[in-house]
């Protein structure tokens, strides 16, 4: 028998009492002993078949401070032995020190036994009373020296067997355990009378250690029941990791269900821990896709297999479900993983104070002085939204100097292409005058043939606009532009050397096809190469050079016949061709084709050799990944969806009223119109004046469009065109009916100047501008291609039928028809066209469609591929 049992036996001197007396006083003494000496009461509602259950799972908080021996199992006492055992229990109750119990908590590991104490564990015999009460005496607390030695031994992790503890845990399933707090149990009576200071300090330490067991009994009981409900507590501890970040890791439930074995579960959990960093800050990590791609060696070989992808669904996240290729996130070694994790932490630090930046600054494509200063001062953060909830996309601040000369060279090269386009478009206006003169040509050009010479170019432009989309996608922006230079030269030479109308028509068709391709590829190249800080200034160059080309054609046509004018047109693409060889392909196209190194070289050329292009390159890669995820196979079916039809219809309506205002008919036939009007001013001089007005009006519109608003300028443009067209119609009506209009020779020129000025202020640039503003981002590229093709179709109809309309209804009828269409267009603008001045793209789309999508950048606009 242990020393504890000897003390109990020596302390009880009551002798043998009758059985009835002992049984009668059992309950009273048990209650008094528990109240006076601080016992904890443990009740059990176990069934009779489980009466051998012990309470060994209720352990002391520290196995050294409260040493206990392995539980001893005894069957139920036979009736003839109960009297003697009850007497012994009564003697022990009077002499034993108070008890203390602690339940098995969640942090305890039953497979990792407590450390062996410095002294031999004492044997303990559980005290039983009426088969439902078990009490264990509490030994005296250790001294400070013993505690220090014990903690040193714990660090060496010397295990002891705990097989009985495991069996006891299993036996407590379904049991009900309650605790009663009694602070008196914290101090044994034998130790309370000591006056020695060291003994008092030891007792105080022991009291503090025991006190922890009485904290929040309800919570302890709840945790105890939760632990007892698990067959494998180690597995419970492993699965507990998934609750560390419930919002970001709820998707792991599906992975845990798929685990058929514990080994598979641990493997899945290790993979999850390696990727768990992505859920730390969902506002940023959805943009950090493929952060660990560099540490994977299998991703390139296995490709984008859908079986290796998982859908991360965050119910309370601000992002849409995001597809991440898990193989791109795998890491071959811990070193690679830690390197990637450090990179992630550096990027994540940008959003640590997002609450103070709920209204970050956004710089639109044209830019402004205030936005430029802000971007130089603080990190440029663009706020974009998805389904009405804010989301942040982080860009680095522009700290590198802007190398203007390289970007000016790129913009100048592209703008020379616009000059060629403007010259080709205006060619028929001065050329048809000399071409229809039998004294200046070797072949006859009938009025019907002349209408085809002017109208075939827009028809070919329609075909070129459709073909330009796949060309810039697969050949590249720069290569596509280069491919148009040689056909421009060939087309002009065909016209210059023509011996019949067929050669002229062939040259015009080839030139029109190149115009359609260039009208789509030139602005795309410029938008993808120029920095936002100078995009507003350099973005004006193509429009200005296009008007210069028109003016040059009008001026040269005054002194040259149609053949010499065509030779001049053949010479213009030569400098354009040479300069295009000096500039690189756009970095964004290289990224879209997976050529990262070439994209880096192109950025270095455009931004400067000493510029840090890595942040911008990574931003391009993230934008391309976004565009690829949003891309759909059938673009045309997407256009026909109900939510997309309204903005597309408005864009097509603006294009329709732009061309049906008769602008191209006026430009193409300016000289003929002034000649028929009998103006006292030379027709060629009038044409030059119209070209100058068109050139100057472009700069006026640039100053007013962001101040007066889109709709105001459209109103002014419509009213100006309506008045001038009806006045011109009245002038030609009076002239055709024999009235004397010689005193009004100045009127046609005045009307043409006002008409061109009004058109250039509103219906000239605004339909193209609003096409990029009101079209939804998801269909912006394909819808823009459709709108461009529709614009060229209307141009062809107007230019081809203008001469027929004059022959059928007279010049006055044609101008009145155009004026009536402009009048209808005024009501179209009032009723259907929204005002977009000062509004973000998200606000515009919310108004148009009733919801918000994340706005893609201009470079994400993909041309229509016509995947029917």
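A Cβ is built for glycine as well, from the same backbone N, Cα and C atoms used for every other residue.
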Per Swiss-Prot, the candidate from 439, 791 carrying the annotation N-linked glycosylation site: 439
The annotated transmembrane segment range in Swiss-Prot, which must be one of 347-367, 368-388, 452-472: 452-472
Transmembrane segment range according to Swiss-Prot, out of 320-340, 404-424, 593-613: 404-424
Swiss-Prot topology check: residue 432, residue 801 same side of membrane: yes
Of 291-311, 564-584, 627-647, the range Swiss-Prot labels transmembrane segment: 564-584
Among ranges 779-799, 842-862, whichever one Swiss-Prot labels transmembrane segment: 779-799
Distant-in-sequence Cβ neighbours of residue 439 (N-linked glycosylation site), under 8 Å, six or more positions away: none
Close approaches to the transmembrane segment (685-705) from elsewhere in its chain (Cβ under 8 angstroms; 6 or more beyond its ends): 426, 429-430, 540, 543-544, 547-548, 550-551, 553-555, 557-558, 670-671, 674, 679, 713, 748-749, 752-753, 756-757, 759-762, 764-766, 769
Touch test for the transmembrane segment (404-424) and the transmembrane segment (779-799), at least 3 Cβ pairs under 8 Å: no
Per Cβ pairs under 8 Å, the stretch of 712-732, 752-772, 779-799 packing most closely against the transmembrane segment (452-472): 779-799
Secondary structure content, the topological domain 'Extracellular' (800-812) (per DSSP, counts of residues): 13 helix, 0 strand, 0 coil
Helix, strand and coil residues within the topological domain 'Extracellular' (733-751) as assigned by DSSP: 13 helix, 0 strand, 6 coil
Helix, strand and coil residues within the topological domain 'Extracellular' (557-563) as assigned by DSSP: 5 helix, 0 strand, 2 coil
Per DSSP, three-state class assigned to residue 439 (N-linked glycosylation site): coil
Intrachain residues whose Cβ lies under 8 Å of the topological domain 'Extracellular' (425-451), provided they are six or more past its termini: 457, 498-501, 504, 508, 511, 515, 549-550, 553-554, 556-558, 561-562, 565-566, 569, 664, 667-672, 675, 683-684, 687, 691, 799-804, 807
